[in-house]
Amino acid sequence: MAKLKIGGAWAGVVEAVDLDAWTLAALRDHVAAQSDTPSHSINLICAGRILKDDAVPPRTLSQLGIRNNAKILATRAASPQQGHSLLAQEERANRLARIRAAATAMADRHADGALPVEDFNIEVEDQSGQKVRLGSETDQRAVMMGLMLHAKGKRLIRQRNYKDALEVLTMGEEAFSLCDPKVIELIDNVPILQIDMVWCYFMIRDIRWLSDAGKRLEMARAGIERAHGKDSLRLRLLQGGRYPELALHLRLELLEGVVAYHTGQLEKSRKALGFARAKFLQLQVPDEALSLVMSMGFFERDAKRALRMNNQDVGSAIDFLVEEKAKKLQKKEEDIQRRNEIKEQKRYGMTPLKKAVDLERLKELVSIGFEKELAAEALRKNENDTQKALDDLTNPETNSALQANIESRKRKKQKQEKDSAIEEVVRMGFERSRVVTAFEAGGTIEQVLERLTAPETDPTSAAGNTHPKENSTAALHGGASSSAPLPDNVNSDILDMMNEAEDPSTYSESAERDVEMEDELSADIAKSDALADYDIEVNVEGEAISEYLALVESAGSGGKMVASQ
């Protein structure tokens, strides 16, 4: 018997599952019953793919590749009564599966120190911007995946797509759960994710999630206290006396008040909502203070953020904005430097274990007099072991072998670049034999294109020219001249393509990447900063506080409580 961990529309564990007897329909029926949802409206996703089974007779879960302790995401498909087509339901489920698969792939590539396919690295930083490594490689991978999915979920929240946000945040929660609990206790990302999930519950206004919301808020409060210290003293020390967490605590207390109201705990609700209201008033930015900060040349949104996080103190807010601007400039410079380093590492190739050449160790070898490219090859061959690299560099026989390897790789890359360029030109409509001949004649890419587009020469008027050349462009276009001008961007496209050509055997996994989704995830990360989780506009929260305080007072004065949604 096996057990399956379910998340999403219903979160729980299905015990005593006979993988050789249960079918996908049986599992879907079980999840549907637990989530009070029609079975046909449940989609099940495992390992980044939507589970389907149209076979007759139906296959068992084991035959579908489901194993013991498998993690399965259950999503609710929109019903026909809601006006959504089955195609739209499937597209939504596919998109969620793509998000999960892309986050998994990126975390796998960036957590183990391997040479990235992209021109950037994903690294975990603390609130001061320092690079940190949390626990083992497995922990680091899980944290990266959790952070990417959390960032994507927050973007969906900003877009008011709360249902999809909830599904993505559930994936993020699952990723964080793969970490060592001691590692998770050191950071506040998981408690904040819990608050974001309950915020989605609140904005969807589905009272069925009430019990789950209460549990999540309890975990969030405990987690924040562990990470920030009692009364946020540790966070206050780290932030130099600033108050970045006020908006987050306001949202937490509002949600606690809402849950307490709906469970009949009026006094607890009144108390929590009162704390939330006090923080809401504290976060209101005075017009005079905002005007003063903006007069220093800062944008309104940045000025409001700075004032909220600095308890409305104008001087502290300006200092904060200056510091943040300096950090952004420094980060931009570091990103440019890192991109250049990655490009350099790609030139040297990967080690036998698919790692990048260690540039710090390379600097050490260069500093004692070894030629850079040769030293890089020695480190690459020896898995970045400096001593073994030194042994190879100082041994005439192995040194010669290293040089031969470098020359061989250069020739191979040049051939690949040339072949790629030939294919690109052939796709423009030129005959392959003419393109090959033009490239073999040598010269720059511009000269190659000039040969191919030059007017055809009369063979009787040119000495030594005994074989007339076929005008492939004329043949293709019914006699049109081959000297017709090409698009302006042809030269630059070819040059870019040649400069960026990579060894396909080295980076073959890039062909299977979901580049579009990975770009979305990386963009979400790039736009965030260390304080993004605390940067909350509290207008909606303010309206909700007033609404629920009125409901509490009404329920208290009326002598009874009326459930509302």
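Including glycine, each Cβ sits where the backbone N, Cα and C put it.
Bear in mind that TrEMBL entries carry predicted annotations, made automatically and left uncurated.
Copied over from TrEMBL, here are the features:
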- 395-406: compositional bias 'Polar residues' (COMPBIAS)
- 480-492: compositional bias 'Polar residues' (COMPBIAS)
- 23-72: domain 'Ubiquitin-like' (DOMAIN)
- 284-324: domain 'UBA' (DOMAIN)
- 356-396: domain 'UBA' (DOMAIN)
- 414-441: domain 'UBA' (DOMAIN)
- 389-421: region 'Disordered' (REGION)
- 454-518: region 'Disordered' (REGION)
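The DSSP breakdown of the domain 'UBA' (414-441), given as helix, strand and coil counts, is 22 helix, 0 strand, 6 coil.
Within the chain, the domain 'UBA' (284-324) has long-range Cβ neighbours (under 8 A, six or more residues past its boundaries) at 241-244, 246-247, 529, 531, 534-535. Each residue in the domain 'UBA' (284-324) gets a DSSP state, and the totals come to 29 helix, 0 strand, 12 coil. The domain 'Ubiquitin-like' (23-72): residue composition by secondary structure is 15 helix, 11 strand, 24 coil, according to DSSP. Mean pLDDT across the domain 'UBA' (356-396) comes to 91 in this model.
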